[in-house]
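In what follows, a single structure is set out as structure tokens and then discussed.
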Amino acid sequence: MAIDCFAPPYRLRNIGAFIMYAPVQGPMAYYLDDAQRQTLARRARSWLWRSEGPTWLLIAAVYTSWFGLALHARQLGLPLTTVLLTVATTWYTSLQHELVHGHPTRSPAVNALFGIAPLSVWFPYALYRAEHLRHHDDERLTSADDPESYFLSWRRWRATSAPMHALLTFRNTFVGRVAIGPAFTIAAVLTQACRKVAAGDLREAGMWVAHLGLLALLLVWLERECGIGPLRFLAGVAYPALSLGAVRSFREHRPAAQVAERSVINESGWFWRLLFLNNNYHLVHHDLPGVPWFALRRVYLERRARYCERSGHFVVAGYRRWFAEFAFRCAEPVRHPLDAVMYRAGAMRHSRDVVPDAAHPVRRDGLVRRRGDVT
């Protein structure tokens with residue numbers, strides 16, 4: 001028996017002007033064995049995890065750094081402020097990712113209050129939340145159904161023009177992902193939103209109106225109080241912040257028959273770990289999406305050999321290795337190499353067992369899968 005963790009439809013929750021999309025069921029946790037499950041269950045009862053102290057400090061640090069830099073733009077100078085604000089904005093998007101996954105509170109409405117500020121500009125928080133939770137349907141990782149995929153189905157590839165083939169191929173290089181990847185993402189989101197409105201689907205209109213209204217207020221405030229004009233902020237901060245985030249997403253997933261082998265483990269340095277809040281240990285995050293960011297590194301290091309084996313040794317020693325190897329070389333073909341095999345007639349049912357009854361885990365190759373232990 002298989003459980004579809006993100007079976008549509010999504011429930012719509014109206015919170016003021018913001019539309020919150022909540023999946024019917026949340027992501028399940030995948031444990032290497034019972035010992036790991038028991039260890040994490042014990043830590044989940046600890047004061048550190050229950051209080052989410054590091055996450056509250058993170059929220060304070062992100063907002064203090066972002067608005068502190070903006071307010072001191074004249075003293076720092078616009079060139080330096082632009083660079084530092086780009087880093088702070090990328091850090092804010094990493095915070096939004098934690099909010100989506102239930103930190104620091106179990107309430108999506110409360111968490112949304114810390115993520116709705118349009119500091120990263122391009123997407124309403126509610127839209128990002130809905131799409132990212134769809135991405136955590138691991139059976140569809142990298143497929144055309146994955147909203148965070150950089151691959152095309154063979155059908156879409158054949159329907160795409162030769163110039164677009166060249167651009168998409170360049171996008172699958174490291175430099176291309178950083179340079180033009182954000183433009184593709186922004187265009188796709190705006191095109192989808194316009195198509196829905198044109199088709200009479202206004203369910204997302206509320207969140208867009210609220211988001212654009214807040215963004216307009218932010219742009220006015222930045223210009224009047226900080227001396228940062230709209231064009232400088234959009235082109236010099238918001239777009240480069242997406243580019244910086246694209247460093248993390250480059251080769252974050254790869255096509256593979258085994259689901260566990262689709263997510264990378266990137267053993268990056270402290271700066272990147274802090275900027276991306278340990279999301280570089282991406283397989284661990286997909287296996288245990290409820291584990292807070294400040295605990296992911298320890299979870300990985302305790303079982304490093306097992307996770308490396310489980311990922312099919314999809315392990316890299318930092319983002320500079322990706323740059324050295326794929327700066328101008330396509331990391332993967334744009335056409336999904338396994339599309340015809342894996343994704344026709346729905347997602348392939350992978351080899352990891354799904355446990356419908358948490359009291360009776362099914363084992364295979366040392367894997368125990370349960371729902372709701374650490375969320």
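Residue 1 is the first one shown; counting continues down the chain.
Even glycines carry a Cβ here, placed using N, Cα and C.
Going by TrEMBL, these are the annotated features:
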DOMAIN    79-312  domain 'Fatty acid desaturase'
TRANSMEM  12-32  transmembrane segment
TRANSMEM  53-71  transmembrane segment
TRANSMEM  77-95  transmembrane segment
TRANSMEM  107-128  transmembrane segment
TRANSMEM  174-193  transmembrane segment
TRANSMEM  205-222  transmembrane segment
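Cβ atoms under 8 Å from those of the transmembrane segment (77-95) belong to residues 58-59, 62, 65-66, 69-70, 114-115, 117, 119-120, 227-228, 232-233, 236-238, 240-241, 244-245, 275-277, 279 of the same chain, restricted to positions at least 6 beyond its ends.
Counting same-chain residues at least six beyond the ends of the transmembrane segment (174-193), those with a Cβ under 8 angstroms from any Cβ of the stretch are 122-123, 127, 150, 167, 204, 208, 239, 242-244, 246-247, 249-250, 322-323, 326-328, 331. Summarising model confidence by region, the domain 'Fatty acid desaturase' (79-312) averages a pLDDT of 94.
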